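Marked as substrate binding site by Swiss-Prot on the basis of sequence analysis: 9, 41, 73, 87. According to Swiss-Prot, the feature ATP binding site maps to 9, 10, 17, 88, 89, 90, 98, 123, 124, 125, 126, 127, 128, 129. The annotation site 'Transition state stabilizer' is assigned in Swiss-Prot to 17.
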């Protein structure tokens, strides 16, 4: 059984992410979507919310699982018996960072391959950061995320606006 691990923050999960998962699910026996705790970022959604969102969107794929992880990716990949790490490349600007990470992962996990996948053409420009910003400003994100994710974004953006109006975090 060949297991692929697709790690990321998925904050939020976009149509581009789902596109890669859908295509990877046809290539591998199992795809594990690993949602990172993101210690170096300030996520819009909590880790629990990101896992719930991903499970809502991806739950209909029989060979896809969603789990959260903290710590090193190498440990998560080992725990999942992963043989391949999937990384998405939207643009040439993504390549340098991803190439360095693939080299480090090869050093830490010599028997695990990194596979770069590009999103389908209609999703190449989508990023979670841009989607979050549009949602926070009240814009339409329906072309970039699934309806359930749009509802999560609207609710979280409203919650944040209310907190700001009250002087909260």
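Just so you know, glycine gets a Cβ as well, placed from its N, Cα and C.
Shown are the binding-site residues 17, 41, 87; of these, the residue with the fewest other Cβ atoms within 10 Å is 41. Of all the binding-site residues listed (9, 73, 124), 124 has the fewest other CB atoms within 10 A of its CB.
In the three-state DSSP assignment, the secondary structure recorded for residue 87 (substrate binding site) is strand.
Between the listed binding-site residues, namely 89, 126, the fewest other CB atoms within 10 angstroms of a CB are found at 89. Looking at the residues that bind ATP per the record, 9, 10, 17, 88, 89, 90, 98, 123, 124, 125, 126, 127, 128, 129, the two CA atoms farthest apart are separated by 19 Å. Cα proximity to residue 9 (substrate binding site) (within 10 Å) is found for the following binding-site residues from 89, 98, 124, 126, 128: 128. Long-range Cβ neighbours of residue 128 (ATP binding site) (same chain, at least 6 residues apart, Cβ-Cβ under 8 Å): 9, 10, 11, 12, 13, 14.
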